[in-house]
Amino acid sequence: MLFKGVFAVFFVITLLYASLLIEVEGIGVNWGSQARHPLPPATVVRLLRENGIQKVKLFEADSAILKALSRTGIQVMVGIPNDLLAPLAGSVAAAERWVSQNVSAHVSSNGVDIRYVAVGNEPFLKAFNGTFEGITLPALQNIQSAIIKAGLATQVKVTVPLNADVYQSASNLPSDGDFRPEIRDLMLNIVKFLSDNGAPFTINIYPFISLYNDPNFPVEFAFFDGTGTPINDNGRIYDNVLDANYDTLVWSLQKNGFGNLTIIVGEVGWPTDGDKNANLMYARRYNQGFMNRQKANKGTPMRPGAMDAYLFGLIDEDAKSIQPGNFERHWGIFYIDGQPKYQLSLGSGNGLIPAKDVHYLAKKWCILAPNANLQDPQLGPSVSYACDHADCTSLGYGSSCGNLNLAQNVSYAFNSYYQVSNQLDSACKFPGLSIVSTRDPSVGSCKFKIMIKSEDASEASAMMPITRSTAVLLLLSICLYIVL
């Protein structure tokens, strides 16, 4: 009897420990690096560890980031950008060099716990018009061969992060899911290759995008509160779009003979700015709802149990392309300086812990001069130039700074350029229009940011992408103001 009692206690403790492991290891984050003033990798790694995050997904093999992850115990999925698919598809030797330099070197010498290599990133998006369809599988095969040759096949698995538009359902019921007809054969070849090599299928699912693309999309169905109108699929009840989308993939795999293939959700999250539905309230509601499911070990009707998933993203990226929308720069659960945007429990019961030892530029801002003429013909071109070289995405309709008046809009644009230019005197010399102020011009929830110091700042500011869409909107508002 004593033995049975001890065994029972041991069994319960084992179960509790196992559930703790599920909680800790069940969530990862995407660590993107498209920022003009990025936090030092060591600072970000400390941020990860203090918040109990033990898995990261990288979009490229940044050597500084990988070195910072050395011997931390953090599991890593390292990415290969789409622009490298062609050379890797065309040469086994090129694939072997890439694996040697970006995987083997870090695993053996630096003790980086690389678990996956992500070959490409959403290469079959409809917007790419088939550009990568002929080279993704060959690149995947060559990288796998290189991993085998390096003796890492048992530790490192290949995968291809795909957008959820690679499958569909004519009836919108998950059970009618299958891969898109025009890429179905290609998808089945990739799925078979993944299955043959014990590798996972990685999918990115974004309920926010469903809402962004369709103004008639039922808002409540995007969240996990159970308040959306449910879908009944032959007795399987779906009250949120994530579950329905995920199980559409499960059915697509199952009906083609791959029902047991492991699935990773490579990206899941909600942006906080740049659109009327991208705000702090919705982002917290979505991400906390998702984390509560993970903590409760809740899955979908077809795949019970917590998902293997990576939140998108860790930190805002103010240099990302905004071709998909202004929200693209605002997916982080932390601002660009590593400060939490809202209270979010990742499983420990506590909120997010901010980054430590972050250094900022001086407390000064570039604003519209009080005596500036709002009808000055140089005003429009000056604003356009500032927003072409900085981030003005918070000024759009429904965004955090969307209610500013004309003068405040101009000041925001000037200051954005001034900050990304490291507060150089020359960056606040719009003739007759701008001055430097030591008084914070922030308006309500619209914050006029002070940029962080970064050792890569000068290099980053030299590579700023053009953001004309926001500049055009500002020009239109200026023209309307002048006309009226």
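Numbers here mean position along the shown chain, with the first residue as 1.
Cβ atoms are placed via backbone N, Cα and C, with glycine included.
Database features (Swiss-Prot):
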ACT_SITE  Glu122  active site, proton donor
ACT_SITE  Glu267  active site, nucleophile
DISULFID  Cys366-Cys428  disulfide bond
CARBOHYD  Asn102  N-linked glycosylation site
CARBOHYD  Asn129  N-linked glycosylation site
CARBOHYD  Asn260  N-linked glycosylation site
CARBOHYD  Asn409  N-linked glycosylation site
LIPID     Ala460  GPI-anchor amidated alanine
SIGNAL    1-26  signal peptide
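For Asn409 (N-linked glycosylation site), the spatially nearest entry among the recorded positions Glu122, Asn129, Asn260, Cys366 is Cys366, judged by CA separation. Cα of Asn260 (N-linked glycosylation site) to Cα of Glu122 (active site, proton donor): a distance of 22 Å. Sequence-distant neighbours of Asn102 (N-linked glycosylation site) (same chain, six or more apart, CB under 8 Å from its CB) are Ala61, Ser63, Leu66, Val78, listed in sequence order.
In terms of local Cβ density within 10 Å, Cys366 ranks first among the disulfide-bonded residues Cys366, Cys428. When Cβ atoms from all protein chains are considered, those within 10 Å of Asn409 (N-linked glycosylation site) total 23, not counting its own. Cβ-based crowding with a 10 Å cutoff singles out Glu267 as the top-ranked of the active-site residues Glu122, Glu267.
Just so you know, the Cβ of Asn260 (N-linked glycosylation site) picks up 8 other Cβ atoms within 10 Å once every protein chain is counted.
Within 10 Å of the C-beta of Asn129 (N-linked glycosylation site) we count 8 further C-beta atoms, all protein chains included.
The shortest Cα-Cα distance from the residue listed as 'active site, nucleophile' to any of the recorded positions (Glu122, Asn129, Cys428) is found for Glu122.
Geometry remark: Cys366 (disulfide bond) versus Asn129 (N-linked glycosylation site), CA distance 42 Å.
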